[in-house]
Amino acid sequence: MPQTVILPGPAPWGFRLSGGIDFNQPLVITRITPGSKAAAANLCPGDVILAIDGFGTESMTHADAQDRIKAAAHQLCLKIDRGETHLWSPQVSEDGKAHPFKINLESEPQDGNYFEHKHNIRPKPFVIPGRSSGCSTPSGIDCGSGRSTPSSVSTVSTICPGDLKVAAKLAPNIPLEMELPGVKIVHAQFNTPMQLYSDDNIMETLQGQVSTALGETPLMSEPTASVPPESDVYRMLHDNRNEPTQPRQSGSFRVLQGMVDDGSDDRPAGTRSVRAPVTKVHGGSGGAQRMPLCDKCGSGIVGAVVKARDKYRHPECFVCADCNLNLKQKGYFFIEGELYCETHARARTKPPEGYDTVTLYPKA
């Protein structure tokens with residue numbers, strides 16, 4: 001029904017429009033921003049705008065409607081049309097009269113006939129082909145109601161457990177309720193489209209319960225053989241099972257057994273002597289595994305090592321023999337098997353008279 005909504009200015013208003021005469025659709029509110037002025041005015045998505053500030057929207061385009069809304073500075077007056085909504089309300093009446101202290105919160109019952117099911121929703125009486133209605137049941141059991149009659153309760157001894165089994169097979173969709181002395185047995189076999197449960201097992205359980213309640217020994221039917229004894233497969237399996245089987249031996253074992261039985265040392269043709277591979281054991285005193293010894297102090301070197309002319313030294317032992325200057329990352333000279341810096345090397349190698357000493361460095 002049409003109603004008028006006034007939004008106080010200024011913008012933004014907090015709603016989104018869609019439609020217009022250019023879209024061949026009415027102007028409809030599609031979105032409301034939470035906490036906005038439109039939400040405070042109780043505007044809802046789906047409201048149809050009939051007029052904006054007194055101007056009808058029948059001939060307005062979408063852009064014209066936006067311009068009308070933007071032109072509203074102090075307030076925006078919208079005339080909207082909102083569809084009716086049906087809300088569920090609880091039943092507060094009982095027998096046509098309102099009950100002040102009792103509220104029934106149960107919803108209205110719905111008819112389930114519009115659902116399509118391959119199987120029965122509600123159990124229906126079983127009808128044997130060739131008969132109009134009803135079913136053949138043992139005495140004292142009502143197939144239509146699924147409950148034993150009062151006369152059957154008084155004459156419990158006349159009920160045979162086998163008859164119950166027959167009745168349950170004739171009417172599988174009808175629950176059977178039997179009241180016996182001191183016990184009440186309810187048999188409700190529902191539809192099983194996938195054959196999840198064996199009908200024979202269910203019937204045997206029902207017959208055993210009734211027989212136990214009546215104080216009788218339950219008579220169970222003998223299980224039928226799944227494989228007929230006359231089949232060829234059945235006879236073949238049982239014939240092989242009855243015959244004693246001899247132990248089987250591998251081909252290599254039979255060859256060795258034949259050699260032992262003959263007692264000859266001659267090897268059969270096509271065989272040769274094969275020795276097992278011998279694993280070589282590496283010695284622990286290999287050259288690569290030996291610890292290098294320092295050329296100066298004579299102790300083993302563990303960690304960083306300095307090598308000069310196939311001689312190993314500790315980094316702290318790699319010094320000049322005269323001034324103990326560390327020669328690492330510097331030039332060094334070997335004179336008579338000793339290390340010297342450049343200064344002391346020049347002092348130890350005096351050239352003949354008339355010659356000067358010139359230092360030559362090896363090319364990298």
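Cβ coordinates come from backbone N, Cα and C, glycine included.
Since we're looking at a predicted model, the values are computed, not measured.
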Which of the listed residues, Ser59, Ser93, Ser252, has Swiss-Prot annotated as phosphoserine?
Ser93
Helix, strand and coil totals (DSSP H, G, I; E, B; other) for the domain 'LIM zinc-binding' (292-351):
10 helix, 16 strand, 34 coil
Residue counts in helix (H, G, I), strand (E, B) and coil for the domain 'PDZ' (1-84), per DSSP?
17 helix, 35 strand, 32 coil
Nonlocal neighbours by CB distance (under 8 Å) for Ser18 (phosphoserine), same chain, sequence gap 6 or more:
Gln25, Leu27, Val28, Thr30, His62
